Structures are given as C-alpha cells and as structure tokens.
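Below: one structure, written as structure tokens.
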Amino acid sequence: MTPKKKIFQNFQANDNEILSPTKKGIKLNVSKLNILNFENTIITKEKTNYEYKASLNKEIDEVLNNNNIINTHNNKKNNLNLYDYNNIKNSTHEFYIDLNEQNKQTIKYNDNKFTPINKKEKYNLDETSSSSISSSLTNISSSLTNISSSLTNISSSLSNSLDEKKKKKKIKKNNSTIINILNNNNNNSNIHHNNKHNIYNKYNISKKPQNKEIHTLPSNHQIKKKSNNTYNTCQQKMKKNISKKNTHSIKNNQNDKNKEKNKEKDKNIKKDRDKDIQTKRTSHQSQDQNNHFERRILRSYTRNNDNVKNNLKNNINNNNTLKRSSQSVRIDSDLSSAHQNKRIKYDEKNIIHRNNNNNNNNNNKTTSNNHNKNNKINNNNPSENYKKQTDTKHTNNTQNNKYNKTKTTNTFKHPSKDHTDVNTKTFKSRYINTYTMEEVQKSIKSNTIKLVQENSCEYQDGIIYESIQINDEEYSIGEDVLIFYTPNNNTYNAKSDDKKNQNNNNIKENIYLLKKGKISSFYKSTNSKVIEVEICFYYDESDEQRIRELEKKQTSRRCKEDFNIYLDDDTKYYNLLGNIHFTILDANYIYKKIYVYNEIETFEEDTHARKGKNKFLCTHFIKDKEDRLCFIPNEDHWDNLVLGSSDLYYYFANEKKLNKNKSLKLIIEKLKINDKINDTQANQKKNNKKEYMNKAQTTTNVKANTHTKTLNDHNKSKTTKNKESSSTSFLQDVKKKSDPHNNDFQSSLKEDQENYYINLLKNIKDPTDKAIRMMQLDVVPKYLPCREKEIKEVHGFLESGIKQSGSNQILYISGMPGTGKTATVYSVIQLLQIKSRKKLLPSFNVFEINGMNVVHPNAAYQVFYKQLFNKKPPNALNSFKIIDRLFNKSQKDNRDVSILIIDEIDYLITKTQKVLFTLFDWPTKINSKLILIAISNTMDLPDRLIPRCRSRLAFGRLVFSPYKGDEIEKIIKERLENCKEIIDHTAIQLCARKVANVSGDIRKALQICRKAFENKRGHKIVPRDITEATNQLFDSPLTNAINYLPWAFKIFLTCLIIELRIINEFVIPYKKVVNRYKILIETSGKYIGMCSDNELFKIMLDKLVKMGILLIRPYIPLENISKNKSKEALLGFNESSKKGNNQKITRAQVSPDIDKESGDMGIELNVETQLIITALMKDPDCSKKLNFY
C-alpha cells in the first residue's frame, strides 16, 4: 500500500510579496511565508442545539435558596460573555515529540528525573481541558448535587429509624459529611488551580482503570465526560461517605416539608437517570458543547436573581465557615485583591507569595471553635492536608499531583531560605516540554549547516539566504519547524518587579522549550559565523499568561472601541492569525520539520504524517477576527514588490486603524542585489578613478555620470562632484595625442559611444531585449548625434567663460521639448571636466536648479544655498542675503568658477520678476565668478520679460530646432546598430516621419519603437507594426471625436497645424489660419464657395473651443511690426515724461498697424499636438497636406 499524498492547507491564495517586520526592508514571498493571511480559513461557529433540562435547573435553584452556601458574588464576576484561555485551548491542539523517543514512548521531565510513560492511545480531538470559569461552575454544581443526594439519604434514614436518639446521631453524621464535602470541594478547586499550568500533561499521561474503592469527588475530566450522569456518581459516593464520617450537630430547618420534596426528587432523579443512559449511548458531545452546557447552567441560576440576592445577604456571615484553605486560592481571589494590592500574576514566582498571604489572612480570622480548628490544621500542616487530597485523586491525575505536592512542600518547609530551588521546580512545571541547556547542547552538537547560495542577496553587513541545509536536510522559507527557544527571549512574559526578575534570570537562561514556528528568512553577518533564522512562532501553551492578560484587560474595558487602548504595539500591528510574534534565533537550534494545519478536516485527511510526531493543528484566533488581517492600503504597489526592486515598506495595521495609520513608508537603506551589470560598471569606475583635491572653500566638485542620467533624471536639484567617469578607451586616446589643443573630441566621443553601447548590452542575449533596452529613455550616450552645431556653441561659451573667470556670462537656450537641450549642456560639461582633469582648464563647480521642483520661485535661493554651502538652508530671505553677499564681493578671492544651470526657468517668473532679475544680475558683477545657463521650453520668454531682465539676456541666445525626419532616423539606426535584423528600414522611416510631422520630439520616436518591439516579440518589425504602436500610444477619446468631425473641420485643424510648424509659436494669428484655409479649399476643388462664408468660420471655431481643442487668445505681433518702437509705444501707451517736460497726457490707443497686419485674435492648441495629428493622419486629404508641409 502506497501512502496517501500529503494534503497541505493553502493559507493564502495571492502570490504577493511583503517585507519582513524584523529586518525592515527584506522582501519576502508571501506565497512561501503564508502565515500572515489565511483567506481560506473557515471558522465554524459553536453549535447551539443544546437543551437545558428544567428539572436540573429547578433542583439547583432550590438548593441555592435553601442552603445558601455559594458565594454568588464571585461567580457573577466570571459571568461574562468573553472568550477565555481554556476555551481557546479547545481549538488549538498540541502535539509534541521529545528528544529521546524510543518505541513510541515519551519521557516526561518530573523532579529532575525521567519517567517513561506509555503513549499508545491515539489522541482524541474532542477531549481537551475546559475553561477555568466553566470548571469552577461544574465543581459548584457537583457539590450541590452531592448535597441534594445527601439530603435524600438523610430523609430515608429518618423515615426508617424507630429510635429518636439514633436519629440524632445519624443526623450529626450526615451534617458532618456536608461540611467535609464542602471542604473537599474547595480543595478540589485548589487542585484544579494548581494543575492549570500543567493542563497539557494529559496528552502524555497513560490512562489506567479507575479504582472504585477510593472516595473522592469527580475530577474535571470526569465531569466533562459524564456531565449527563452526575447524579448517579455523586449518590453512590455519598453513601460511602456517610458510613465513614463522624457525627455533628444539624440545623433545625430540616422539616417535614423537606422530606416530601426529597421523595419527589428521588423519583425525578430516577427518570433523569434513564434518559441520561439513552442519550449517553447515542450522543458523543464535544468539548465545546460541554462548555456551552456549563455556561447555560450559569446563566440559568443567575436569572433567578431575586432568590439569590435575598439569600446572599443572609449567607455572608455563614460563608466565613466555608473560607478557602491556604491551598485553595481561586481566580476570583486574584480579581478581588487587585484593587487592594498589585494584581497577582499566574507565574511560578508568586505561588509562595500567594500561599503566605492566605496563611496570614486565615490566622487573623475569628470564627467558631470547630472552624478555627480546621484553619489551624490547614495552616500548620499544609503538606499533610494536601497529601490527603492527592490520595483521593484518580490515578490518571497522579503526575499532576506530584507537581503540586512539590510546590506546597517546598514553600512551607523553607520559608526563610532563598527560593531558587523552589523557583526552578515551579518554573519547569509552568512550561511543558522543557529541556536543560545540557540536553539541547547534546542534540545540536553534531549538527552541520551548509549555506545554499542560490537566490541569496546582500543586506547591510551580511547576506540573506532563502534556504540552508542542516544535517543534509534542506530548510527553506515558509516551512514549519520545531525550534528550541529560551523563555527569557519571550517578549510576552508578564511584567514583574526587578527584584523578582533577578531571582529567575539564571533559571530561565538554562531552560529551553520546543516551540512551533514558520521560517521567514536566514541571515548571516559578515562579522560573525552564526547563521540566524527569522521565525514566526505559533500559539503555544507557554503563552497562557499572555492570553490571560488580554482577558483581564478585556474585562476591564467599558466598550469594545476602547479595547485597543489596553493592547501593546505588538498586538495592535501584528494581529496575526494563529501566531504570536516574529523573532530572530540561532539556526542551529532548529529541531525538525513539521506540518501545521488550520482546519480539522485537512488535519484528519493527512494520514501520512503521524500524530505527535510531525503533525499539528493550529486554529487559534487572538482577537476572533474572521476577515483578512494583513492589509496593504495601496494595491497599485503590489506589482512593484519584487525582490530588490522596491523601496517601500508596509506595516500590518488593523482594519480600524487603517484610515488613521497610513502604512506606506520609505526605507532609507535599500537592498543591494547581486547585479552583474552594476558590478562590471563599478569595477570600471574603480580602475579609472583619480581624486584631485580642489581649493574650493564652500563647494564641492562635480560628479559627472551623464551616461547613466536620463533627460528626466535632472528633476531633483543636487550638487555634483567632479570625478572621473569616462571609459578607458577615451582616456587612452587622449593620452596618445601629443598636442592637447588639437584633440578631435568628436571622433573620440563617437568611439566612446560605441564602447558604451557594447558594455550596456554585454549581458543581454535576446535581440528583442537588446532593442527594447536601447529604446529606453535612460540610455543617453555622451555623444549626441545631429547636435554638433549646438554642442560647439555651448562648448565655446562655457570654455571662454571659465577662462575669463565667469565675468558677465549668461546663455539662454530655448526649444521644443525633446530636442536635446539639457542633454547637450551636460555632455559639454563632461567634456570640460575632462579638460579640467588634464589641467587644460581651471577647476569649476556645477550647480543646478529645476524650476518644476521649486515650490515657490523664492525657494530657488534656498536650493542654491544648500548646494553652495552643503548645509541646511535658512528661510528664503536669509538665503538670498548670504548668497548676494558672496557674489557682490569687492575684492577678488580664490573661489573657483561656478556654473549655474536653471532648467524650466519659465516656472520662476513672478509678477515683479524679482527672482529672475536677481539671478540674471549676479553674473554681471565683477567678482561673482558665476556663469548662468537658462533653459526654457518656450520661444518667447525674453519677450515676456521686463526690460531690465531682457537686457541681461542680450549676451547670448541659442535655439534648438525640432529634430527632422532624417535626423530621427539616424538616431534610431545608431541605437539599433547591434540588432538591425529585427526591424525593417521602412518601419524606421515611417516612425521618424510620423514624429517629425508632429513635434520632432525624439522621446516620442523611442516610445513608438519600444512599443512595437514589445507587441511583436520575436518577429521582425514592419511599417504596419509602427502604425499599431502609434495608435496605441496616442489614441484617445479625443482622437476618435476628431475622426467623426466633418471634412471642413479637419481641414481647418490641418491649416492650424501647418501654421504652427511655420511660425513655431504657441499662439497662431487667426487671420493666417483663415487665409491658409481659403487656399486649401480653392485648390482642392471641393465645397467651392465655403471659403467666403464668415458664419461657417464662427461655427467651426465655436465648436472646436467647446470640445476643448482650441483656445482663443489675444495676439499682438510686436517684433514683426516695428523693431524700432518700444513695447509701451506699440501697445499704445504713452511713455512717461521726464520731470520738467510739459507734454500733454493722451489716451491709450492701439496702434493701427496691428489691425493691418493680422488682427488682435489668436488661436492656441489646448491639447497635445500629437493627438490631433494622429487623428488627422487617418484622413487621406489631411495626411497629404501634413506630409507635404
């Protein structure tokens, strides 16, 4: 027979990535680390198909009212609809395997001795321990049933006797039995309390047949198993107790009425007995059903508040006789004493303190003589009294009694000595499966660990591994293991005083537990040889105290919303399902692999894994959350969460805290992945670097890495350092030249460009991937093709300015977007840096301000200040004063020349234009040593400036014209030199022509080619593919709307595009568009007569403006009309006269030359030009006109 396949529970369906909470930046795979999100977990609610028997309810109520022996006040404290720890343990099934496993036997650590215990019976999932509240209620109910049964025996004995003296003696005997029963009941609750920490020992205890001769009350396990047959067991035991106990006085409230009631009770009990036997054969109730049954008992008798409250007042004085002994401290006493002293924790250190307090309280009380004697016996001889209780327990609880016996005897025999020995035993009894340091060291002594280099990555000062091998067995991320763990590392231990912690520090260091957990990652630091494992622990029996603290906090809350206040940060942010917390341990302490399930069905179906060996069930919910507990607020970032590619860190927040806490944060230290490309480039840089110390006092040198910069990488203003970054080939060529003044920079740059492309594509094998990489915008070579003229002009301007120490040097560069303005400037700066490094030019510094990144134009002073002095800038005014003082020095100094590049200078224009005037005025100072380069995307910026600003731009202007079709074709061919075979020559021509007809933006051409390569991967690109890629990039609802416009509207837009190309301005005169439209209509031969209809022009213009395609602007062609007149005169404003002139003031008039030229109305495009051209190219007539012009 072949074993069945392993069935594992799929804890999470989504294969996403997260970051580790301990390393703060380590990306992990949630498909492997699947404990954080159990989407498929199905929580079955407790069944509520239980019926409460009316007869039992009535009998309990009558006994409560008649005898008044229950302190209902303490019971009401526990009568809360809250989850408790013992109930939680019902849903968490624990199995463990000890170190020494031979012949299916487990060794239990008890009093420093190993005792083998046979473990042959299979574990029953339905048999678990009950909650503390329900167990106390069952003890009360059992005592009540014993009392009722004893009363029936009393009545029967009274009716059969003939002699009155004999009656009195028997009554005394029975009364004494009642008192002894109550004392035994209290002692039994004490046994339950002392054994509470060892509640999991029942899995390792071998069951033996019960000894019927021993007379005790039923244990907690028997009450749960025989909850339907309690009267039968109690009545048999009471008959034996009556014959053994001494006589005692009885109260006078036993009347004839009670005799009749007892007879009726006997009849009802017999009927219930028969029913219970039948139900016991047919039904096997689970642990949750018993707990629910006991809760219903509690609710039933608390509903009879009238009788209970009345009897409570009368029973307060009588309850002193039934005070708990020194051994029977219950949970209620802890809750009641919390208001007077510190809350007593359920820890091993407080057992002595708790017993001593009870002794003192019992000695100070004064009651009747009989009760005083009992208290003295309990105080003086606690161990003997406790031995009597343990003797009456069943054999299957003997081992628990041994633990309790060691606790009590040690605490009273050595009250004055140090309690270290006591604490060691109590501590070991606190946790199950504890091991000493010697045992653990023996087991891990022979371990051999091997690292698996596959899928490893660098992190800070070490390396993270996905898997390791321990004794030739591989352990990887996401696997469940058993690991040795010291309790002193547990952050969830209860807080206590420093003195108490000092007593047990040495003890906890020598104790190890076997805990379940899921592996998150492995880490090895370069400074140490230890391999660390990050592990997330599951819920375990050692976390009992933590859960109890949560229960107490929950009971003290007023409403559910305030419950989060009482929780710590670990519970708030790591409210995970079925686990406790993350921690980092030594990987050598991993014991073995296990399998963990969160559903009973899958747990039972997996028959291949053995129970108690490597098979575990974990269904614990810390805060009873049914929904998903791991939240990522922004789902758009899931796609970017690949190992090493993202710098985002996510906190795990609760659903309530999600709106308040944004869980997205940036990580300062990013992961360093083993990238071969980056390594090769870094090695080249290290071989070529040579540092030169500059004389600069306030600035640093320039770092020129323009081959890795993109046209968009210069958005952030920053100071660059002057370091060597060119390749070795270029340096060798420079060294070979004998005369440095006759260097051919163009030829050297071309060779450097070829080497740059070769190094970039070295590790890429697929031709399509090579083409896609070359079409990306970040690939910017040092040599820019088709810009030789502009490079020479910028080079000559900057070289002369540096040699002249930057006196009165300002250059204004304008042009359409994507024409290479910024890239040209930085390529020239790189050439000048090479000369400066060869001592052909003086050293210089480069600073940059991007107008788009400045919040306000005045903030440009702060950006410039930070780069100049490398300090945090003050406010804008103080920054301006300090910089202005620097550039307005009257004496010369040893400062290097500074080059200031202002990109997107249009965004620095204000109403008064003070910022631009200041920036343009600084280079004109004698000792400023400042060179200014202003870059703008608008052609008419100088015309919009005030005269004092415009006059300072008269030193130099440079216009970058858009790329033409042949130039775009040349650039694409040079980039695709290494993969020519995957694209057709006609496809390149079509792409270049389309882009040149629109805007001449080279970035658009690169995007179209890359889109075509991505769509037709592995196939040769043809013109049809270029057309499809263009439509995908530029198609929009607007282009579809233009396609459905009438033919006259399309011709009008075509005329507008043609005039835009001719004039090269943003605002086109309306009359010129109309004249162009008349010419096209007349030459086309269509719709003759439409050209003279002025109403048609108004309709077309109004329609296009309403669609949002056009805007109407005022148009005043100042330069074309009169070059000799000033701006004020052309606008019709009379110039202000000087003082002393008696000229008359006239009205402001518009010059008549304006109307003669082109009128006062202009048209401006309100959408991207490419969208309109894409729509017009689909019309044959419009496409012919656009291609012609």
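Each Cβ is built from the backbone N, Cα and C atoms, and glycine gets one as well.
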## Note on the structure
Per Swiss-Prot: ATP is bound by Val780, Gly815, Met816, Pro817, Gly818, Thr819, Gly820, Lys821, Thr822, Ala823, Glu904, Asn937, and from Arg993, Arg1003, Arg1010 the site also lists Arg1003
### Task
Quick one: sort out which of 1-53, 54-106, 478-530, 1114-1166 is the region 'Required for peripherial nuclear localization' according to Swiss-Prot.
1-53
### Query
Swiss-Prot lists motif 'PIP-box' for one of the ranges 643-652, 913-922, 983-992; which is that range?
913-922
### Message
Around the C-beta of Met816 (ATP binding site), how many further C-beta atoms are within 10 angstroms, looking at every protein chain?
### Response
19
## Note on the structure
Rounding to whole Å, the Cα atoms of Val780 (ATP binding site) and Asp903 (Mg(2+) binding site) are apart by 18
### Task
Determine, using Cα-Cα distances only, which of these binding-site residues is closest to Asp903 (Mg(2+) binding site): Gly818, Thr822, Arg1003.
Thr822
### Task
Enumerate same-chain residues with a sequence separation of six or more from Gly820 (ATP binding site) and a Cβ-Cβ distance below 8 A; give 'none' if the list is empty.
Leu784, Arg787, Glu790, Phe960, Ile1002
### Farthest-apart CA atoms of Val780, Gly815, Met816, Pro817, Gly818, Thr819, Gly820, Lys821, Thr822, Ala823, Glu904, Asn937, Arg1003, residues recorded for ATP, distance in Å
20
### Query
What does DSSP call Asp903 (Mg(2+) binding site) in the simple three-state scheme?
strand
